[in-house]
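Undergrad: Here Swiss-Prot flags 624-634 as compositional bias 'Acidic residues'. The annotation domain 'BTB' is assigned in Swiss-Prot to 50-117. Marked as phosphothreonine by Swiss-Prot: Thr463, Thr475, Thr605. According to Swiss-Prot, the region 'Disordered' annotation covers 600-634. Residues annotated as repeat 'Kelch 1' in Swiss-Prot: 299-349. According to Swiss-Prot, the feature repeat 'Kelch 2' maps to 350-399. Summarising the annotation, Swiss-Prot assigns repeat 'Kelch 3' to 400-446. As annotated by Swiss-Prot, repeat 'Kelch 4' applies to 448-493. Among the features that Swiss-Prot reports, repeat 'Kelch 5' is placed at 494-544. Under the heading repeat 'Kelch 6', Swiss-Prot lists 545-593.
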Amino acid sequence: MAEEQEFTQLCKLPAQPSHPHCVNNTYRSAQHSQALLRGLLALRDSGILFDVVLVVEGRHIEAHRILLAASCDYFRGMFAGGLKEMEQEEVLIHGVSYNAMCQILHFIYTSELELSLSNVQETLVAACQLQIPEIIHFCCDFLMSWVDEENILDVYRLAELFDLSRLTEQLDTYILKNFVAFSRTDKYRQLPLEKVYSLLSSNRLEVSCETEVYEGALLYHYSLEQVQADQISLHEPPKLLETVRFPLMEAEVLQRLHDKLDPSPLRDTVASALMYHRNESLQPSLQSPQTELRSDFQCVVGFGGIHSTPSTVLSDQAKYLNPLLGEWKHFTASLAPRMSNQGIAVLNNFVYLIGGDNNVQGFRAESRCWRYDPRHNRWFQIQSLQQEHADLSVCVVGRYIYAVAGRDYHNDLNAVERYDPATNSWAYVAPLKREVYAHAGATLEGKMYITCGRRGEDYLKETHCYDPGSNTWHTLADGPVRRAWHGMATLLNKLYVIGGSNNDAGYRRDVHQVACYSCTSGQWSSVCPLPAGHGEPGIAVLDNRIYVLGGRSHNRGSRTGYVHIYDVEKDCWEEGPQLDNSISGLAACVLTLPRSLLLEPPRGTPDRSQADPDFASEVMSVSDWEEFDNSSED
């Protein structure tokens, strides 16, 4: 008894924890579930504690009732749902083969399933009967690993028989990815017309050009030889031609098709597509499902900028973050502008670059504007601004694009211009009450907000809101810190102000503080600060994450290729794939790009100093810090 009392005293713990961090802990074993399965398998192998016999095709299989009930809804309903099988020692199983039942029981006891071409169908039938989703998924994945042009129709029939929507989607994806080759097979013409119509209507259809869709629609009704020899009748066009997006075809191809067609509904459709090409300035206002890109790849894209190499170069290249590779790639298009710090807007998946800087030999503000069409990878120069705007902000509100304030390197501006894509024209709207440049803008709930910037040599922390309905500006609460040459983004009904610099310390320093504005409360707050300086950054929002691209750091005294991504749910920054060079003044956005661009092999960047005689005049041999003199950020 004395020993017992002594032990109790030695082990006595306080009734209440005195340490503030002392709390109850829960421990979880990562090995417990597998150990439990091994124990149950050992019981099965030893023939211990069996309490039910399954009778399948006249053969007996012993099992543990509680494990079966825990494994799937079918057995749970049988053994725990008040049915007569609860009391039976032997239970008859219908609609399942003996071999498949053995396979499924092995999976229940081990979590392992061995599939082959000889057993997959009967295993799938049994899994559907017994309602075991995991085994159904395994069988579907196994079938997909063996799908080819010869057996795909059989697998489609299997998916339809058991209502396997996931398998049907996988088969659809197989055809969408291999459409050009599959459309030249006999099996293609054996698919139901409704199925082919659905596939040809999909944005996920992988083709290099819309002409391949046109040919695929014809190949459902004609042989390849007939299509190639033009031995087809289009007076009453096949229904599948309704899925062809004729405006996405090249104008030359459309013209040849139009010239050989007799008067018919199809000829009228082709004529409308030709008119779309001829009215290039009005294309953004002529958008319809017929002009939608066949792609679901939304990418962060950056245009222009000025980058640091052995010399300082204004870029006319675009770069995009390839979602398949997780790295930055370049693409080029003819007549691309070569500038930096341009205002950027996206409307109907067209990119607009507005004004900006052409600071090659001194400071020069721009009034010229461009539009990029990813459907045809072409640039088009639209109507110029009515005056030059550098260090401006650009926003889309409704169907209009607004260019707000800035400077022309002689005067600071308060002018606001509005662009109407339907008329390709600019018009002045209500100006700001005072001049501002190097500010940033964003749109939220049909209104336009601009923040901070500079006026003369002074850094600002002002916030202004434009209401297009009343054509008026309103002043809101000041932000928490002065800054200029920063970026703004709208995310989850809040405005974020990111990056930039100020001289509050008596000299130019990066601003790491990130400010968040709530339109509901009208108040500013601070969130997780930037891990590095980003002045003149590119800003884009994709999948509820803010991308901050490149820029320049006054703390480091250089441009940067860093990419930082803000996760609003976790309130933290993470590093993204770094840009391939240090660049500032990048105009960034999110754009749907064609699959052909993302899937084509990477190409090297040509040496334009050899290919372009004008290129040499745009190169300056100065140090990395000295070339900041020609940056927008003075």
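Quick reminder: no glycine exception, Cβ is built from N, Cα and C everywhere.
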Undergrad: Cα distance, Thr475 (phosphothreonine) to Thr463 (phosphothreonine), nearest Å?
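TA: So the Cα of Thr475 (phosphothreonine) lies 6 Å away from that of Thr463 (phosphothreonine).
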Undergrad: Below 8 Å Cβ to Cβ and six or more residues apart, same chain only. Which residues does that give for Thr475 (phosphothreonine)?
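TA: The answer is Lys433, Glu462, Thr463, His464, Cys465.
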Undergrad: Could you give the number of helix, strand and coil residues in the repeat 'Kelch 2' (350-399) as assigned by DSSP?
TA: 0 helix, 23 strand, 27 coil
Undergrad: DSSP helix, strand and coil counts for the repeat 'Kelch 6' (545-593)?
TA: 0 helix, 33 strand, 16 coil
Undergrad: Near the Cβ of Thr463 (phosphothreonine), how many other Cβ atoms are there if near means within 10 Å?
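TA: Its Cβ has 22 other Cβ atoms within 10 Å.
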Undergrad: As a quick check of your reading of DSSP, tell me how many residues in the repeat 'Kelch 4' (448-493) are helical, how many are strand and how many are coil.
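TA: Secondary-structure composition of the repeat 'Kelch 4' (448-493): 0 helix, 30 strand, 16 coil.
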Undergrad: When DSSP states are grouped into helix, strand and coil, how many residues of the repeat 'Kelch 1' (299-349) land in each?
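TA: Result for the repeat 'Kelch 1' (299-349), in helix, strand, coil order: 0 helix, 27 strand, 24 coil.
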